[in-house]
Amino acid sequence: MVSEDNVIEDSVSVEDDFDGDDYDYDDGGDYYDDDYGDAGDDDDDYGLVEDDDFDDPGAMVSRRPKLGYTVLQEADIKQRQEDDISKVSTVLSLSQVEATILLRHYNWNVNEVHDEWFSDEERVRKSFGLFERPVVDVSYANEFTCGICFDLLPCDNFASASCGHSFCRECWQGYICTSINDGPGCLLLRCPEPSCKAAVGPDMIDKLAPCEEKEKYSQFLLRSYIEDNREAKWCPAPGCENAVNFAVGGGDFDVTCLCSYRFCWNCTVEAHRPVDCETVTKWMLKNSVDGENVNWILHNSKTCPKCKRPIEKNQGCMHMTCTPPCSYEFCWLCLRAWSSHGLATGGFYSCNVYEAEMQKGNVDAEMRREMAKNSFEKYTHYYERWASNQSSREKALEDLNRMESENMEKLCNVQCTTMSQLKCITEAWLQIVECRRVLKWTYAYGYYLPEHEKTKTQFFEYLQGEAEAGLERLHRCAEKELDKYVTADGPSSDFDDFRTKLTGLTSVTKTYFENLVRALENGLEDVNSTACNKTASPRSPASPRSPTGRNGKGRGSRGKESPRAGVSPKNVDDTSK
């Protein structure tokens, strides 16, 4: 079975490929107009899973993009920690214990330790309690009186730090155990003598603490190597013990742990590209305040727009069909007829557009109520779509799990094919999972778009609608059309055509989302009023289908257009040709 984590690991190239310029609009344009062209070539590689990698799951990890971060397992962390301690110990001619104490105080920054030590060794020693010799005279008597319990005991029952203050082992043990059980503060432990600042290092812990406390101290020391390091953070996935070392200034903050959980290194929230961390923080805070009210509304069943019977969404895509005898087909999001979402209406997903009705006039009590209502309705609009895409993503993960664990082998047997020939199915579901994640966060982006920037809003909604329409076609194909081949009694003559179609849809959908991500990451800054007014207007068969790189000259035609906002010139036809 494929877990969500494994799915995300396998799909690591999906999001990372958003930075690439691997696809031309010509490919997407032909397929969008139902002319598959070369999209279904079985030998084509659409950047998701390579042939050799599909047969060798271990190769997927090795194909992880060489980005500005490194995933560290516990053994790696320990090794790095020991290497840093050895470096400091060798360069400064200190014991391992003293090197550990210094590094802990300087947040495991080797360079800073060196700089401070060579700048003023005496000050550093005094500040952190690293005494070269005892500060009290050591008596050679056979018995000592403990300064804590005042018991007179043999000298071999006593121990002391570098300062020379001696206390009995039982008192030392109680002091150390209490400090360790109080938390990570034990890493800064000092001599029990109130006036003494001598550091108590790992050597004293190993010598005096019970096994359980030793283990706790070791874990605190290990975790401090990550938690005190400005360039490393723990993976936030539940149960994961890995950490990510990130080269600050390395660019994109989205990282993928070895457990396959993808998150933003900057804010440690799940990966939210192309939305910035500030927007995510505001959105999540708003959800925590208003989300419960909206959830109460959304979790009640919707009614069929035609027969008014209660309905429940039990599949991932938004194309709903009421039960017979009604059989009305409609969109789950906007509850309009599904026929209004297809090519017949220009392929534009109108349900992703929010039209705020703002009344004008004096602001009175009635106006304030109306504005509050509009504000809540706007939030509900975006939150519902944000939540719906999240649930659709989770459903897509479940479907992929089921496909991998139950249906893939069955499909091979029924259709008399090999697993490598079915990689297009895995690619399609990985693309769906990743696109649902991106689409989910675009609704948070759209909610915070300034209402007075109509040009950007229109361009954003156009790009979002085109991407969403492509995703719905891919999701429907992978979810509904595939089922008949799984349940077939024998090989289907058109199964190869289906694989060609699914491969083409995967490629085109990937291109749509690359364009959307690039535009949003550029802040929609390059869009101009004239271009946006074109894209926002209803398209007729004779009008240009900008800004998607296609025109309205009919199926398979390829128009020449200038690059649109946020899109590399490589992805559009060169007008100079």
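Placement of Cβ uses the backbone N, Cα and C atoms for every residue, glycine included.
Heads up, TrEMBL stuff is auto-annotated, nobody curated it.
Residues or ranges marked as compositional bias 'Low complexity' in TrEMBL: 536-550. What TrEMBL records for 142-355, 146-190 is domain 'RING-type'. Among the features that TrEMBL reports, region 'Disordered' is placed at 1-54, 530-577.
For the domain 'RING-type' (146-190), the DSSP counts in helix, strand and coil order read 21 helix, 10 strand, 14 coil. Non-local neighbours of the domain 'RING-type' (146-190) in the same chain are 104-105, 129-132, 134-138, 196-201, 204-205, 207-210, 213, 216-217, 220-221, 223-224; each lies 6+ residues outside the stretch with a CB under 8 Å from one of its CB atoms.
Taken as a whole, the domain 'RING-type' (146-190) shows an average pLDDT of 86 in this prediction.
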